[in-house]
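Chemist: Please find one structure pasted underneath; my questions will follow.
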Amino acid sequence: MTPGHQPVLLREVLGFLAPRARGRYLDCTFGGGGHTRALLEAAAEVRVVALDRDPAAQPRAAALRETFGERFEFIDRDFGRLAELPHEGFDGVLFDFGVSSFQLDETERGFSFRHDAPADMRMDPRSGVPASQWLETATEEMLVRAIRDFGEEQHWRRIVRAIRDARGTGALARTASLAELIAAAIPACDRHAAKIHPATRAFQGVRIAVNDEIGAIERALPAAFAKLAPGGVLCVISFHSLEDRPAKQFFRRMCGQPESAADATPQDLRVKLADPLTRRPVTPADDELAANPRSRSAKLRALRRL
């Protein structure tokens, strides 16, 4: 395991995937490599293919390659492009959505407002535009979608207006000034009563928009299911409702269940392609919460392909 990296819900993931000798597994969010390493160590001749679009993950992947040789393959790829890969027939597929601890802790990446840095927020700095540029050029509709929908921020109107007014001033260029601008847009009474930093939700929304995180999830889940062998298991870890919602709806659809209360599709027209392994999301146990507070909002869903 990479020093300082604690893979979330590891016990539970291994319990559902149940790695077997010579099994083949796909880790779509390599990150620190903790889940991948645990799979490789779980049984003889296990093989793992891992994806990550962050170039910072490559040295960690190279270290695993030195240890496990051809049993481990790393692909420099966004999981939103999973359908492009020729690989298939996996015994298990894992997603661990959201920003990684490494990305949060690397100040210069601009994911956190706790340290001043260029407001970048890209999971792959080689593609797309940094958050600072996105904020300067995004349409009103794009800003509203990011702050209101992706950030779930009730004061979205004030924040969108503040961002528009700050264009061309340099205030959107760095995390500290951006966080200050967002906080100032929120009424003082709500700022002081909040349990989280007032810029938290807006930063989340901008990050999701810059990286097309929800779009990638919606593309990746059906692609991952298609790559499962019969009897293969799909595990999905999410950290907030925006990530969990498409996973929940996809799982229910694959299991022949209504996707929501508004889903009026007759039961005889539904096709059951999988069995649910989790009736409700699995959350971290008390010992994991004590050892890794960042795991507190994690939820795990699992299904088995028929």
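Each Cβ is built from the backbone N, Cα and C atoms, and glycine gets one as well.
Straight out of Swiss-Prot:
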- Gly33, Gly34, His35, Asp52, Phe79, Asp96, Gln103: S-adenosyl-L-methionine binding site (BINDING)
- 280-306: region 'Disordered' (REGION)
- 296-306: compositional bias 'Basic residues' (COMPBIAS)
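Please go over these features one by one and say how buried each is and what sits next to it.
Modeler: Secondary structure at Gly34 (S-adenosyl-L-methionine binding site), taken from DSSP and collapsed to helix, strand or coil, is helix. There are 21 other CB atoms within 10 A of the CB of Gly34 (S-adenosyl-L-methionine binding site), with all protein chains counted.
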Chemist: As a test of the contact definition, list every same-chain residue at least 6 positions from Gln103 (S-adenosyl-L-methionine binding site) whose Cβ is closer than 8 Å to its Cβ.
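Modeler: In sequence order, Asp54, Ala56, Arg109, Phe111, Met123 meet the Cβ cut-off.
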Chemist: List nothing but the one residue from Asp52, Asp96 whose Cβ has the fewest other Cβ atoms within 10 Å; the candidates are the binding-site residues.
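Modeler: Taking Asp52, Asp96 as the binding-site residues, the minimal 10 Å Cβ count falls on Asp96.
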Chemist: Give me the count of other Cβ atoms within 10 A of the Cβ belonging to Phe79 (S-adenosyl-L-methionine binding site).
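Modeler: I get 26 for this one.
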Chemist: Which number gives the other C-beta atoms within 10 angstroms of the C-beta of His35 (S-adenosyl-L-methionine binding site), all protein chains shown included?
Modeler: 27
Chemist: Write out how many residues of the compositional bias 'Basic residues' (296-306) are helix, how many strand and how many coil, based on DSSP.
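Modeler: Taking each residue of the compositional bias 'Basic residues' (296-306) in turn, the totals are 0 helix, 7 strand, 4 coil.
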Chemist: Per the record, S-adenosyl-L-methionine is bound by Gly33, Gly34, His35, Asp52, Phe79, Asp96, Gln103: how many Å separate the farthest pair of Cα atoms?
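Modeler: Value for the max Cα separation, rounded to a whole number: 18 Å.
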Chemist: How many other Cβ atoms sit within 10 Å of the Cβ of Gly33 (S-adenosyl-L-methionine binding site)?
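Modeler: If we count other Cβ atoms within 10 Å of Gly33 (S-adenosyl-L-methionine binding site), we arrive at 24.
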